[in-house]
Amino acid sequence: MTPTTENALATPVGITLERYIKRKQSEFAYATGELSQLLRDLALAGKIVNREVNRAGLSRITGAMGEKNVQGEHQQRLDVEANIRFVRALTNGGEACAVLSEEDEHIIQTGNVFGKYVVAIDPLDGSSNIDVNVSIGTIFSIYRRVSRVGGPARQEDFLQGGRAQVAAGYILYGSSTMLVYTTGHGVAGFTYENSLGEFFLSHPDIKIPRQGPVFSCNEGNWFDYPEFVRTFLMTCKERRLTARYVGSLVADYHRNLFTGGIYLYPPTTDKPTGKLRLLYEGYPLAFIIEQAGGMAVTGADVVLDVQPTTDLHQRAPLFVGSAELVVELQAVAAQ
Ligand code: AHM
Ligand code: MG
């Protein structure tokens, strides 16, 4: 074997998600295979949602449902479809005893009372982009339950705080579909191969650059942003950073993860705690970014250190991305 062939075989790039999860199982805090199964279940639902997203224009599943979700936001058909797919996969998989979804006010008990994990999920994020063929995503966060195994899950299982997450990830339905996740040992990215129906490892150890050229926020809210945010954004412009904003959190986050940059969803006059949800948006994306060498804050405070209240759907401001940019923002916020 030539040295090049040998290197190519040693590097795990190109192995399937299945195989990767199996290889990495020993790194999990509780290496019994249950968390591995949970990740497989999420990937399976992700494949199904990917299929629905891909043919959305053809299968009459775009458009509004005419209903509002727990956040008072209009539900899109695909939002509802994605929610059903993920909850079903987690129910059938058997490892999750409960699911907290953006689409449902209350915890969903899966009936798997012996399941040791709970999953908080935004099944399809970026609602305003669903009908217009722009990238959207799924975000998930996994905890080991603290309630008694054998009984129903409880609210406390979901309110352990960001540092208690055992795994977190997202799926980006973009120009290619990717699954990116962490179990606290770095961040790995998998690209979906449509014709084979498999996720393959494409980005084994993702690190975000310490600095970056991009700032991402909805500048239409400028006059509703607090002073510290406007001060920070002015410095970005003075340094000629580039503005990039898709309006789908996963897409904006994913781009900045690779290019370096900062994503901002600040408090606004209307929404004093911001728009994004702490349990299934802020915490998981903060866990991933820290594992990738970046940072996430809510202003002066580090996202993963924020103590949750009792509101499962609580919101928190989010500033996330390259460490140096986030530290700068945090310093301005603390003044
Ligand atoms: P959603 O959960 O209703 O999809 O809202 C979350 C989305 C994020 O994906 C995105 O970053 C943000 O809302 C965009 O909000 P805005 O339109 O206010 O800029
Ligand atoms: Mg959403």
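We number each residue from 1, going along the chain as drawn.
The backbone N, Cα and C atoms fix where each Cβ goes, and this holds for glycine too.
Annotated Mg(2+) 1-binding residues in TrEMBL are ASP122, LEU124, and among GLU102, GLU103, GLU105 the one listed with them is GLU102. In TrEMBL, the Mg(2+) 2 site is described by ASP122, ASP125, and among GLU18, GLU238, GLU281 the residue recorded at this site is GLU281. In TrEMBL, the substrate site is described by ASP125, GLY126, SER127, SER128, ASN218, TYR245, TYR263, LEU264, TYR265, and among LYS116, LYS237, LYS271, LYS275 the residue recorded at this site is LYS275. Between the CA atoms of GLU281 (Mg(2+) 2 binding site) and TYR265 (substrate binding site) there is a gap of 11 Å. Residues ASP122, ASP125, GLU281 make up the record's Mg(2+) 2 site, and a Cβ search at 8 Å around their centroid adds GLU102, GLY137, THR138, ILE139, LEU249, VAL250, LEU276, ARG277, TYR280 from the same chain.
The 6 Å Cβ screen around ligand 1 retains ASP125, SER127 from the binding-site residues LEU124, ASP125, SER127, GLU281, ordered by sequence position. Assigned with DSSP, the residues of the domain 'Fructose-1-6-bisphosphatase class 1 C-terminal' (208-332) fall into helix, strand and coil as follows: 56 helix, 20 strand, 49 coil.
Proximity to ASP125 (Mg(2+) 2 binding site), judged by a C-alpha distance within 10 Å, picks out GLU102 from the binding-site residues GLU102, ASN218, TYR263, TYR265. Within the set of binding-site residues GLU102, ASN218, TYR263, TYR265, GLU102 have a CB atom less than 6 Å from some atom of ligand 2.
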